[in-house]
Amino acid sequence: MNSQQSTRTKQMLQQSSTHLLCGVVLLQLFAAQVDAQRSTSPWQTLSGDAPLVIARGGFSGLFPDSSLAAYQFAMVVSVADVVLWCDVQLTKDGHGICFPDLNLANASNSEEVYPNRQKSYPVNGVTTKGWFPIDFSLTELQKVLFSLIRGILSRSGKFDENGYSISTVQNVATQMKPALFWLNVQHDEFYEQHNLSMSSFLLSTSRTVSIDFISSPEVNFFRKIAGGFGNNGPSFVFQFMGKEDFEPTTNRTYGSILSNLSFVKTFASGILVPKSYILPLDDKQYLLPHTSLVQDAHKAGLKLYASGFANDVDIAYNYSWDPVSEYLSFVDNGNFSVDGMLSDFPLTASASVDCFSHIGRNATKQVDFLVISKNGASGEYPGCTKLAYEKAIKDGSDVIDCPVQMSSDGIPFCSSSIDLVNSTTVGQTHLRNRSIIVPEISSVAGIFTFSLTWHEIQSLTPAISNPFRENGMSRNPNERNSGNLISLYEFLNLAKNSTSLSGILISLENVVYLREKKGLDVVKVVLNRLTETGYIVGTLKVMIQSTTRLVLVDFKNQSTYKTVYKIKETIGNITDSAIEDIKKFANAVVINKASVFPNSDSFLTGQTTNVLERLQKFQLPVYVELFQNEFVSQPFDFFADETVEINAYIFGAGINGTITEFPYTAARYKRNRCLGREEVPPYMLPVNPGGVLTLISTSSLPPAQDPNPIFTHDDVTEPPLPPVIAKSPTSTLGTPSTIAKPLRNFLKVIRIVSWSVAGVVLFLVLLTLVFCFHRKRETRLRQQKLKALIPLEHYTYAQVKRITKSFAEVVGRGGFGIVYKGTLSDGRVVAVKVLKDTKGNGEDFINEVATMSRTSHLNIVSLLGFCSEGSKRAIIYEFLENGSLDKFILGKTSVNMDWTALYRIALGVAHGLEYLHHSCKTRIVHFDIKPQNVLLDDSFCPKVSDFGLAKLCEKKESILSMLDTRGTIGYIAPEMISRVYGNVSHKSDVYSYGMLVLEIIGARNKEKANQACASNTSSMYFPEWVYRDLESCKSGRHIEDGINSEEDELAKKMTLVGLWCIQPSPVDRPAMNRVVEMMEGSLEALEVPPRPVLQQIPISNLHESSILSEDVSVYTEG
C-alpha cells in the first residue's frame, strides 16, 4: 500500500473507533481500493442498467448484521453503487434503529443483558415471546454491555465478543454516506398497535437523510406514506413473503396479490420477492423451469428485486455449491435479468455482476494456470467414471487425472481409492466377503482392487464422494451412482480424442506393496499402456505423479514423460537440499493448500510460509490441492466463495495450477474480465492472509499453533524399490517322454506306493486320536473360560430342551431364531430365544452375551442365562406378559393406549438406548430398534430386547467400521445403506428410534394418515405426512382430535423429537442423551427440524447383501 493510502488510513484511525476497524479492514484484507467499472454489456433489466447489489445489513455473512463494521466492509469490497439495506425497528422512545429482526434476542445479547425483560405480543396474529425494541429506550440499547451478535448460528461466532453496538438510521447514513440507502419496514402494523408511527419517523428522517428505497410487506403502509415524500422521494418496493402467507392489512395471500401486479403498481414502483418465486426448486432441491415473473413485472412497469442470496446456505444442486453460478442464473441467463439482488455477501454479488456476467466459454483468458481435475469432475459425478471425465473436459480442464489401481488379473484402471469401499457400493454386494486388513495400506478393513478381477470390478456401481455429508452437504444425489469405472486404456483414448486438453496426469501409489506382495509391476504396465495408445509422440503432455520418489526415478529412467512429486504432509518450509534432490527426479511438485496458507480454527493465520516461493525459485511449477466448492472446506477469510479462494491462490500467491473436484469453477476464473483491467476492483483483489483475525477480539482468537514442520533432504530419501515377485505358476499336467519302463522299476514303484499308503493310514489314525483328545480338552477349557467370563447361568442344550418342554410353545419368530416360552426349575417363566445353527467358534456371540450380562437397566430386558454348545446357541431372558409394542400400536389388541402411556413408552426406550450408548463400560449399538423389539411388562414399562444385530464399540470410537447392512427395512438409517450418506455410528440407533416414535404417532392418527397418503398418487413419504400434520398444527389446532392440551403437548413433543432423529445426516441427529433431554424438557425449547427428505433405499440390494431382521413380533401372544 502506498504512502498516501497509509496517511489516509492513519487519519481514519484518529476519527472514531468505527473508522479504526474499517482502516484495519482496508490495511489487512485488500491491497487497494478502486472504483468498480460497470460492464458495458447489455442487460435485460427494466432500465437496461446493471442489476443493483443490495447488502443486507451490510456484509452480514461475516460480521453481525447491521453493525457499522458490516456496513463499511460492504462498501469497501462491493461495487461503487452498492445499496446498504437497513431493517428499521422503533424503540419505545421513537428512535429508528437498524436491526434485522423484531425480536432483539435473535441477533443481540439482549437475553444476557436484560434476562428479565422478555415479553409476549401478538405479531401478525401469532403470540410471540421475545425481547422487543418497543420495550427499550435507545439509551438502554446502546449501553456498553449490549452488543450485536450473529443471527445465524452456523456462521462464525468469533465476532460476537467484539462489542458492536446498535446504530440508529441517522448514524448509519451519516457515518457510512452510502451511494444508495434502502430502509425496510417489516412490521408497521405492529408498531402502530403500540402507538409508534413508522410513517412519521420516516417522513421526519427524510429531511436529514437521503433515502433511496423503502420496502414493506404491508399494503396499508404504502397508502399511509403515499404523497408524503414528494416527486423526488424514495422508490417504494412491495415485499412478498411466502405465497401462502397472508398480507396482514388486506387478509389476502401474497400468492393472490402476485397474480395482480397492476394493483401493486398503484402504490409501488418495484417488488421484492424470494428467489424461489423466479427459479423454483423441486422436492429434491433441483431447479425447475423459471417462471415468467420477471418478464411479467417488467411488462407492468415494476422493477423486480430478488432476496435470499447467501453463500453459506443450501442452494440448488444444479449450481454445484458455487454461489457465482447462482447469481449469474438470475442476471445472465439469456431470458431475463432481475433488477437487483439482496445478499449477505455483496462481494460475491459484485464480482458476479461485474466480472463474470456475459462472458462465454471461449472468452479471452485473463490469467494462465493449469486446471487439473481430481478424479474428473468428481464433485458432480462419481469419481473416475467416464461421465466425470467427460464433464471435466467439457468444463474446461487443462489436464484430467487417472489414479491408477490394479485388478487381481493385472488390468490397470482409474479409481480414486485402492479400497473400493470408498468409491463404489461393493459393501452392499456379495463381494463384501473379500474384506481384508492390509497393514501396509490401512489399519481399517477394506475391499481392495487387487482382490477382485477386472470383470468383477466392472460389475460394481460407483458412488459419488460426499466429504461433507456430516455437514449436511450432499453432492448431486440424482447422479450419485451414475457412470462406470474405466480402464487406463479407455482413459488414455478418451483424453487423446479430446481437442481441448493439454495433458493428462497419471498418479501411482502403493507401488511398493503391489510389487513386493502381489507381483504387479505398475510402472511397467502403465508404460506399456502409454505406448499402446500412441503417447510416445503426441501433443498431449503426460505427467506421472507419485509420493514415492523411486517410482518417479523409475519412470525417468525408462521414458521422457514429465514427473510430479507430491508432498503429502502439510509443511511450513523446505530446505534447499530437499529441493535440489526433488529436482533430480521431478519436473513439478504438488502441495496442499495449508502449505501455502496455514490456517487455525477455519481462519488463515497469516504465518509466513515460503514453500511456494522456494520451489518456484528452483524452476519447479507448483500445483496445489484440493479445491472444492463446498463452503465448509474453506476458511472464513474466503467468504464462503470458492472463486475468492482460487483468486487468493492464483492472483495472490501465484501458484501454477489448481487440482480441483469442480473444474468449471476454476476454468471460469481464467476468463474473469476484472483481472484484465488496469485497476482491479476491490472485489477481485486477493485477501491478505491473517487479515480477518486482526478484526477479532483477543478473547476470541483461536489458540496459537506451532509452525508446520520443515521438509528436509531426509524426507525425500527412500529405500530402493523391491523386485517384482513372480506369481505362482498355474499347475499343468505333464506327458511322460516314454511309456516303456523296465519291470524292476515298476515293482519298485509298487513297493513305494504300498508303504506310503500304510504310512498315511497310520498317520490318519494317530491324527484322529490326537484331534479327539485336543477337542475334548479345548471344550473343557472353553467351558471353564465361559464360566469365568460370563456371570450368568450356563445351560446345556439338553437343559434348554427341558426348560422349553422340547420347544413346545412358540411365542415369536425373529430373523435369527425362534422364541419359546419356558419355565426354570425355580418356577420362573422365561423366554428362550434359540438361534439358528451357526458355524464358527461363536466368539462374537460370547462377547455379546458377556457384555450384556454386565448391563442392568430398568429399560433393558434382563438376561438370565445362555447356551453355547457347538453350533447350538440360545439366550434365556425374562418373560414379559404384555409382549411387544407393535401389538398395541398396530391394533392387534383391545387395549387402547392414550398419549401419556405412549409418551412414557417412548421415553423409556430413549432411556434404555441412552444407557446402552453412554452408560455402559463398552458402548452397545443395537442396530434393530423397532416396535417388535420393545417388550412391555405388566405395568407397560418398555424394555429393549433382541440384541442379535448389536455391535460393541469403545465409547471413544465415534465411527463403526462395517461392511454389512444391519436392521429392518423401514428403520435402517441411510448411512447403513451406503457410505455416501455418512458414517455408521451410534447415531444409526437414533434414526431407528425416530422411526419408532413416528410410527407410534402414525398409529394414533391411522385414519388421517391413510387418508392423506391415499390422496397422494405418488404414495406420500410417511415422515413427510407427519411433518405436514405438524405444520398444520401451527394454527393452534390439536395434533389429534378429542385430546386435551397436555396430551397435545406430549404428541407434538414426540413429533418434533422423532423428526429430529430421522435427519438424513448423522451429524444433524441428536445423541440419545440429548434425545432424553428433549423428551423430558419443555415443548417451547424445541425447534422445528428441517423437512424430511425422501430417501430411495435399494431394497433389492439389501436382501442380497445385508444382515436383515425379519419384521415380526418377538411375542405373538400375551
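Backbone N, Cα and C atoms are what each Cβ position is placed from, and that goes for glycine too.
Note that the structure is predicted; figures quoted are calculated from it, not measured.
According to Swiss-Prot, the feature signal peptide maps to 1-35.
According to Swiss-Prot, the topological domain 'Extracellular' annotation covers 36-751, on the basis of sequence analysis.
Look at Swiss-Prot and you will find 51-353 tagged as domain 'GP-PDE 1', backed by sequence analysis.
Listed in sequence order, P100, G130, G151 are the same-chain residues at least 6 apart in sequence whose CB falls under 8 Å from the CB of N106 (N-linked glycosylation site). According to Swiss-Prot, the feature N-linked glycosylation site maps to N106 (among others).
Swiss-Prot lists N195 (among others) with the feature N-linked glycosylation site, giving sequence analysis as the kind of evidence. Around the Cβ of N195 (N-linked glycosylation site), 9 further Cβ atoms fall within 10 Å across all displayed protein chains.
For N251 (N-linked glycosylation site), the number of other Cβ atoms no farther than 10 Å from its own Cβ, over all displayed protein chains, is 7. Taken residue by residue with DSSP, N251 (N-linked glycosylation site) is part of neither helix nor strand, so it is coil. The N-linked glycosylation site annotation in Swiss-Prot covers N251 (among others) and rests on sequence analysis.
Taking Cβ-Cβ distances under 8 Å and a sequence gap of 6 or more within the same chain, N260 (N-linked glycosylation site) has no neighbours at all. The N-linked glycosylation site annotation in Swiss-Prot covers N260 (among others), and the record cites sequence analysis as its basis.
As annotated by Swiss-Prot, N-linked glycosylation site applies to N318 (among others). Its own atom aside, the Cβ of N318 (N-linked glycosylation site) has 17 Cβ atoms within 10 angstroms in the protein chains shown.
Feature annotation from Swiss-Prot assigns N-linked glycosylation site to N362 (among others). Around N362 (N-linked glycosylation site), no same-chain residue at least 6 positions away in sequence has a Cβ under 8 Å from its Cβ.
Looking at the domain 'GP-PDE 2' (369-670) alone, the prediction's average pLDDT is 94. Positions annotated as domain 'GP-PDE 2' by Swiss-Prot, on the basis of sequence analysis: 369-670.
The feature N-linked glycosylation site is assigned by Swiss-Prot to N422 (among others), with sequence analysis given as support. Of all the Cβ atoms in the protein chains shown, 18 others lie within 10 Å of the Cβ of N422 (N-linked glycosylation site). Look at N422 (N-linked glycosylation site): DSSP puts it in a helix.
The Cβ of N433 (N-linked glycosylation site) lies under 8 Å from the Cβ of no residue that is in the same chain and 6 or more residues away along the sequence. The feature N-linked glycosylation site is assigned by Swiss-Prot to N433 (among others).
Under the heading N-linked glycosylation site, Swiss-Prot lists N497 (among others). If you take the C-beta of N497 (N-linked glycosylation site) and look for same-chain residues 6 or more apart in sequence within under 8 angstroms, you find none.
All protein chains shown were included, and the count of other CB atoms within 10 Å of the CB of N557 (N-linked glycosylation site) stands at 9. The N-linked glycosylation site annotation in Swiss-Prot covers N557 (among others) and rests on sequence analysis.
The Cβ of N573 (N-linked glycosylation site) has T609, N610, V611, R614, P707, N708, I710, F711 as same-chain neighbours under 8 Å, each 6 or more residues away in sequence. Under the heading N-linked glycosylation site, Swiss-Prot lists N573 (among others), citing sequence analysis as support.
Within the same chain, the residues at least 6 positions away from N656 (N-linked glycosylation site) whose Cβ sits under 8 Å from its Cβ are F369, L370, A588, Q616, P621, V622, Y623, listed in sequence order. As annotated by Swiss-Prot, N-linked glycosylation site applies to N656 (among others), with the evidence given as sequence analysis.
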Between V819 (ATP binding site) and N195 (N-linked glycosylation site): CA-CA distance (Å): 72
Students should find that the Cβ of R813 (ATP binding site) has, within 10 Å, a number of other Cβ atoms equal to 14
Using DSSP and three states only, what is N362 (N-linked glycosylation site)? coil
Between D928 (active site, proton acceptor) and N422 (N-linked glycosylation site): CA-CA distance (Å): 25
Separation of alpha carbons, N318 (N-linked glycosylation site) and R813 (ATP binding site) (Å): 48
Cα-Cα, D928 (active site, proton acceptor) versus G817 (ATP binding site), nearest Å, comes out at 15
When you tally the Cβ atoms that lie within 10 Å of each candidate's Cβ, which of the binding-site residues (V811, V819) has the highest tally? V819
Under 8 Å Cβ to Cβ from G817 (ATP binding site), same chain, six or more residues apart: give me those in sequence order, or none if nothing qualifies. K833, V834, L835, K836, A874, G948
Check the Cα-Cα distances from N318 (N-linked glycosylation site) to the recorded positions N251, V811, V819 and tell me which is shortest. N251
Distance from N251 (N-linked glycosylation site) back to N557 (N-linked glycosylation site), taken between C-alpha atoms, in Å: 81
